[in-house]
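Reviewing the structure listed below.
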Amino acid sequence: GLLDSFKNAMIGIAKSAGKTALNKIACKIDKTC
């Protein structure tokens with residue numbers, strides 16, 4: 001239902017935000033950016 005779609009959207013946003021954060025951290029650590 002609507003709640004499930006909302007939950008899935010939130011999970012998707014959280015995952016992509018987490019990936020971005022991890023990329024920034026990795027970038028600072030190994031200076032590949």
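Here the Cβ of each residue, glycine as well, is placed from N, Cα and C on the backbone.
A C-beta separation below 8 Å, combined with a sequence spacing of at least six in one chain, links C33 (disulfide bond) to C27. DSSP classifies C33 (disulfide bond) as coil under the three-state reduction. What Swiss-Prot records for C27-C33 is disulfide bond.
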